[in-house]
Amino acid sequence: MWRGGKGEAREPRMTGMAWPAGPGEVGRLLAGTPLMARELPAFDAGAAPGAPGELFARWLAEAVAAGVPDPHAVTLATVDADGAPDARVLALRNVDVDGGGWVFATDATSPKGAQLAARPVAAMTYYWPARGRQVRLRGRVATAPPDVSAAEFHARSPRSRVAGLVARQSEPLGSLGEWTDAADAAERRLAAEPDAVPPGHTVYVLWADEAEFWQGDAGRRHVRLRYRRDADGGWRRGLLWP
């Protein structure tokens, strides 16, 4: 159940659906798949820095050094007009280590852009399986000025800019050929206008009010450390039961 835009409670639609009678093929596959069955790093929460940005930067660098694929991939969760959660994976662009800000970018006309315009709050989840580490963030989202968004777009690879110039994210697509034609047109435009920026391209910053660091353990003795921002902008931290 969730709350709609006017505060009303809404039941999920489950018409014609029944609870599975048994584990089934997928359930048996999952039950037989080991979890955390590998050597994982220790986490001394007592020695963690006073602010989450510094610890995040350290864990990210260690993930890169360990060869974790796509270590900058993050699940961004937003809320739609009905109060229902929505989530997708995108790329982290930067971190304000001292201020506690996590930077990402998208088209403001996309579903997530519209959701952030209506409700500028979000959550982020990072997971680095090879390290058994998860980071969860919750906070307010701010929009960067146009010149910052343009500079971020210009710093991207040519392929990324071509994809951005197509600028029709999440619209219905008739065929893959239609997508190829649009990408080819965007590539020609970029060659003719190297400074082109999609009108909706926007950089956002999630200013974390809460950050949680989770270190998995093969013996299930996981460690959780939570930071919470004070009213004066400082941070309080403490352990959580796993």
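Heads up, the Cβ atoms here are built off N, Cα and C, so glycines get one too.
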Exercise. Any idea which of 1-21, 22-42, 148-168, 211-231 is down as region 'Disordered' in TrEMBL?
Worked result: 1-21
Seminar exercise, completed: If you count the other CB atoms within 10 A of the CB of GLN169 (FMN binding site), including all protein chains displayed, you should get 16
Exercise. Given the binding-site residues LYS112, SER170, ARG224, which one has the fewest other C-beta atoms within 10 angstroms of its C-beta?
Worked result: SER170
For this session: Please give the greatest C-alpha separation between any two of the FMN-binding residues LYS112, GLN134, GLN169, SER170, TRP214, ARG224, in angstrom, as a whole number.
Result: 36
For this session: Go ahead and report the DSSP secondary structure tallies for the domain 'Pyridoxamine 5'-phosphate oxidase N-terminal' (61-175): helix first, then strand, then coil.
Result: 34 helix, 43 strand, 38 coil
